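Peer 1: What Swiss-Prot records for this protein is below:
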ACT_SITE  Cys165  active site, for beta-ketoacyl synthase activity
ACT_SITE  His304  active site, for beta-ketoacyl synthase activity
ACT_SITE  His341  active site, for beta-ketoacyl synthase activity
DOMAIN    4-411  domain 'Ketosynthase family 3 (KS3)'
Amino acid sequence: MSQNIRVVITGMGALSPIGNDVKTTWENALKGVNGIDKITRIDTEPYSVHLAGELKNFNIEDHIDKKEARRMDRFTQYAIVAAREAVKDAQLDINENTADRIGVWIGSGIGGMETFEIAHKQLMDKGPRRVSPFFVPMLIPDMATGQVSIDLGAKGPNGATVTACATGTNSIGEAFKIVQRGDADAMITGGTEAPITHMAIAGFSASRALSTNDDIETACRPFQEGRDGFVMGEGAGILVIESLESAQARGANIYAEIVGYGTTGDAYHITAPAPEGEGGSRAMQAAMDDAGIEPKDVQYLNAHGTSTPVGDLNEVKAIKNTFGEAAKHLKVSSTKSMTGHLLGATGGIEAIFSALSIKDSKVAPTIHAVTPDPECDLDIVPNEAQDLDITYAMSNSLGFGGHNAVLVFKKFEA
């Protein structure tokens, strides 16, 4: 167990397929709102995939100057909007006296895919001189962190983690450790992604990762029979985390405490999880060891649960192997059933869900739960939110490349 500085969550910001802020996103999650619909951003006629979780009624020019927005890929735009909400929510004052002790650590799994597509077309059609000088700064995944730090003036530890679908959770975990060891007083952290593009849809389709089901009510159905892949989503989930001393000194509202972080590698396959979910199991155990708790102490687990045939089953096996008899009493829901899979942003959104579950004593459901897979026989909180007094919550993220990341959150007690 870490005997270091206590770290708490004091601010949250979200853009998701079920809401353009934290309040709306959480309310809709508890209502079981389905954010998945037909893709509008691109013409999907040539593709086998036609559904995604897109943002609704969102205009970037309501948040960022048009000229500046044109110099950022969507994933960076989303990060700035969510980070501003989180900092405002935390009432965090970033000024010349505090800036050096406030850092930014925001990840993106694939970075500026739309920017790449546009630049490639310019190169092929008109030659190298027509490629924008902003191409590289718009493309690279670390630019969400860079632009957020510039926008907010945060000059502390600054970096970006890229671990595919585990990116958001790894980012929060690394930021947690930065604060825990005293290298910063506060960190703005999470994940962001804008993957609804021609190349991303084509690429993930080619790897057979995406659902080809055109029924919005059954395309994303984690832990159910007949599931055939994940549904892409977009957005950003950003937290302000800080030392308990800093939070208490300024009278900040505290949502929950972060007490554990575990991360492992499968060393098995570029896309498939290790047999029996072995790597994920080790990450869950590492996170509990870091928190100094046992399986029986955890009441809720926000699962990775992407709705892939192999992934869901392996995660269930990993949970059973890790929790043993305690798995029978554990609430396990996949909020991706509502949002779709936001890739690098998903860990940020699901950290928000986990913390708010603790704060509000409510667990968001796994919707579309109508044909349970008998091998995925956990309590997945089917279709309707449940009231639950939670002391400890866990959030899992598992990514291509064998990346496994797990966070443990605790109800705050002074």
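Just so you know, glycine gets a Cβ as well, placed from its N, Cα and C.
A description of the local structural setting of each listed feature is requested, covering burial, neighbours and distances.
Peer 2: Taking a C-beta cut-off of under 8 angstroms and a sequence separation of 6 or more, Cys165 (active site, for beta-ketoacyl synthase activity) has the following same-chain neighbours: Gly109, His304, Thr306, His341, Leu343, Gly344, Thr346, Ser397, Leu398, Gly399, Phe400, His403.
According to its DSSP assignment, His341 (active site, for beta-ketoacyl synthase activity) is in a strand.
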Peer 1: Sort Cys165 (active site, for beta-ketoacyl synthase activity) into helix, strand or coil using the DSSP assignment.
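Peer 2: The three-state answer is helix.
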Peer 1: Find, for the listed active-site residues His304, His341, the residue with the lowest Cβ contact count at a 10 Å cut-off, counting only other Cβ atoms.
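Peer 2: Sparsest of the active-site residues His304, His341 by Cβ contacts within 10 Å: His341.
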